[in-house]
Amino acid sequence: MAQEAPRWLEPSPFEWKDQTGLAVKTAIPGAKPTVAIDVASVTKSYGDKPVINGLSFTVAAGECFGLLGPNGAGKSTITRMILGMTTPGTGEITVLGVPVPSRARLARMRIGVVPQFDNLDLEFTVRENLLVFGRYFRMSTREIEAVIPSLLEFARLENKADARVSDLSGGMKRRLTLARALINDPQLLILDEPTTGLDPHARHLIWERLRSLLARGKTILLTTHIMEEAERLCDRLCVLEAGHKIAEGRPHMLIDEKIGCQVIEIYGGDPHELSALVSPHARHIEVSGETVFCYASDPEQVRVQLDGRAGVRFLQRPPNLEDVFLRLTGRELKD
């Protein structure tokens, strides 16, 4: 007999509003137009410093939506407003069908959060961390214990249930933080830099786990500085700079729209001389330190100019989301 899927892995019911304005629930993502997050013309200032400027975007139920931007772009501020922890100056935010911040407590009961830095109880065991966290959602001990085995299996921590968190590796702690965020069977997951600082093996395991959640109908709001992560996971994304939305769309569409040609990275010589050498055959050129980024529709012509030059090395590759990000926000360091 097939084992029944754990409750927290089943597609969650989503709310939508019909023409009468009444809230209606559907357990089938996509059966009706659904919106998990609606941010409409939101502003926020601290003193006389604006940090969010008329920002609008929607996150459809069941999709992974990315928020990208350099430090200080407003990602943390808008995330805090979505959670009801910060009040917008103007504009409206609706999360899972309820207005925020006025009914943020209700919305948060259906949200799981993975913060940028793990805030686990280090002296507790893995199991104890899950037990304690579940009580914040008014779950009984019996309810929590019923889902712990599935959560540990999901996080691949079945053999670490009684281990102290302080003895876990960084990747294990991150997986436990993700499992903990699922304790309340959330409809929406908010992930802040979920794989920063992890080695490639741990990062890819987290990505695989997140894709399995999306396949189950969960909604994910993701902030990250890892462009490969955003390109792999996000259905759509929004790029912020100084509180403004400067681009929005599907990753591959943004790559085609903003770049749309091969990229050749050139280094090992004077960047200004190299730029002048290849510029007749380039659609666009950027210089960062000692590296020249040449965007070319006909890379063969660029290679002809570079072949045989002493000390000069180059790498031709397809464009990626990092190229888009740096094209939009610039290659200068932003603190």
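Cβ atoms are placed via backbone N, Cα and C, with glycine included.
Record features (Swiss-Prot):
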BINDING   Gly69, Pro70, Asn71, Gly72, Ala73, Gly74, Lys75, Ser76  ATP binding site
DOMAIN    37-267  domain 'ABC transporter'
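Mean predicted confidence for the domain 'ABC transporter' (37-267): the pLDDT average there is 95. Local packing around the binding-site residues Gly69, Pro70, Gly72 was summarised as the count of other Cβ atoms within 10 Å of each Cβ; on this measure the leading residue is Gly69. Sequence-distant neighbours of Lys75 (ATP binding site) (same chain, 6+ residues apart, CB-CB distance under 8 A): Leu67, Leu68, Gly69, Thr223, Leu240. For the binding-site residues shown (Asn71, Ser76), fewest C-beta neighbours within 10 angstroms: Asn71. The 10 Å shell around the Cβ of Ala73 (ATP binding site) contains 24 further Cβ atoms across the protein chains shown. Other residues of the same chain near the ATP site, with their Cβ within 8 Å of the Cβ centroid of Gly69, Pro70, Asn71, Gly72, Ala73, Gly74, Lys75, Ser76, are Leu240, Glu241.
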